[in-house]
Amino acid sequence: MRLNDENDEEEGPKTMSHCSIGHLQQEKSFVIVGYALTSKKVESFLKPKLEGLARNKGILFVAIDQNRPLSDQGPFDIVLHKLTGKEWRQILEEYRRTHPEVTVLDPPDAIQHLHNRLSMLQCVADMNLSDTYGKVGVPRQLVIKRDSSSIPDAVTKAGLILPLVAKPLVADGSAKSHELSLAYDEYSLQKLEPPLVLQEFVNHGGVLFKVYIVGEAIKVVRRFSLPDVTKRELSKNAGVFRFPRVSCAAASADDADLDPSVAELPPRPLLERLAKEIRRRLGLRLFNLDIIREHGRRDHFYVIDINYFPGYGKMPGYEHIFTDFLLSLVQSRYKKRSV
Ligand SMILES: Nc1ncnc2c1ncn2[C@@H]1O[C@H](COP(=O)(O)OP(=O)(O)OP(=O)(O)O)[C@@H](O)[C@H]1O
Ligand SMILES: O=P(O)(O)O[C@H]1[C@H](O)[C@@H](O)[C@H](OP(=O)(O)O)[C@@H](OP(=O)(O)O)[C@H]1O
Ligand SMILES: [Mg+2]
Ligand SMILES: [Mg+2]
């Protein structure tokens, strides 16, 4: 591996056909990052600018062939992945056991926490984060495992306040796991198919904060979100409405003409504490958080979603942040070995 990064000018990527991984590894001149990503993710993340910058910093991205044993490939310094399924998880766990020298980003069992919308937010609830900068919680929520006819009673018993956001319990990256609905009355929820999480909708002025985390680096952007629901609207409407992935759209709300009390970013020290705690508690390094501010309560924040290996392509300056992070991982391993 080459640890200096003084020359980080951007350049187009070179393909691996010109040089073998073994040769580069042998010379210990490159950090080799094996990646197992969907083609959609490769397109949005592994852009020419990232590959070019990485190469100039001594990092090479190499595609993992899922049809060949992982141990026969590489050798890798780092494995980067976002694929689902039990089989892939087992392959990675086995690889981690037999290759402790390789950093797998991130460990599959840690990622599993994010595949269930209840366990995803549990660590934030447990944290009970409250300091001079503000308070961070999660919306009150209820899980419906089966039997949709039980929903109206369950909602009343739990004392949840309408409207509710209904989210599939499983958040595995499938299109279905992103099919969310807003319910104005509990009876209409019987139309939906459990397993579900029913979450109180928190008015937040139609803007949310996406907090991207790459190791210790944090970047926050504003995105458009669902508009507030007024008491009047609630009393006049009934039913359950599917809504699109509004905050996932690449359109940023950073330049929009917004009410300053809505647009003000959450205090940096609060986000740093939150991110650090989630990293520690979940053992994750690559994720983002969706955070909203309760409308009219400057210091009250709610985490509503955590995503593993999100769309970093939409994070400003991700190429520099990501490559620095990869180098820091190798450097810290290197230091550990030489003490
Ligand atoms: N409790 C809530 N209160 C207010 N708005 C909410 C709440 N939960 C979700 N939303 C709105 O719905 C959107 C989608 O919800 P969420 O982020 O949980 O879904 P997702 O499918 O996991 O999204 P992503 O594409 O970020 O993975 C949020 O970005 C936000 O606009
Ligand atoms: O494919 P799944 O596992 O569902 O993950 C998605 C995340 O849930 C989203 O948060 C990502 O979008 P953002 O980076 O806008 O959060 C989204 O980014 P993308 O729109 O670039 O694909 C995905 O990473
Ligand atoms: Mg989200
Ligand atoms: Mg999500």
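Cβ coordinates are placed from backbone N, Cα and C, and glycine is handled just like the others.
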Cross-ref TrEMBL: 1D-myo-inositol 1,3,4-trisphosphate site Lys82, His178, Lys210, Asn307, Gly311; candidate in list Lys40, Lys41, Lys47 matching that site is Lys41
Most distant Cα pair in Å, residues Lys41, Lys82, His178, Lys210, Asn307, Gly311 binding 1D-myo-inositol 1,3,4-trisphosphate: 19
Got a sec? Which of Gln199, Gly205, Asp290, Asp305, the binding-site residues, have CB under 6 Å of any ligand 1 atom? Gln199, Asp290, Asp305
For Phe209 (ATP binding site): DSSP state (helix, strand, coil): strand
Within 10 Å of each Cβ, count the other Cβ atoms and name the one among the binding-site residues Gln199, Asn203 with the highest count. Gln199
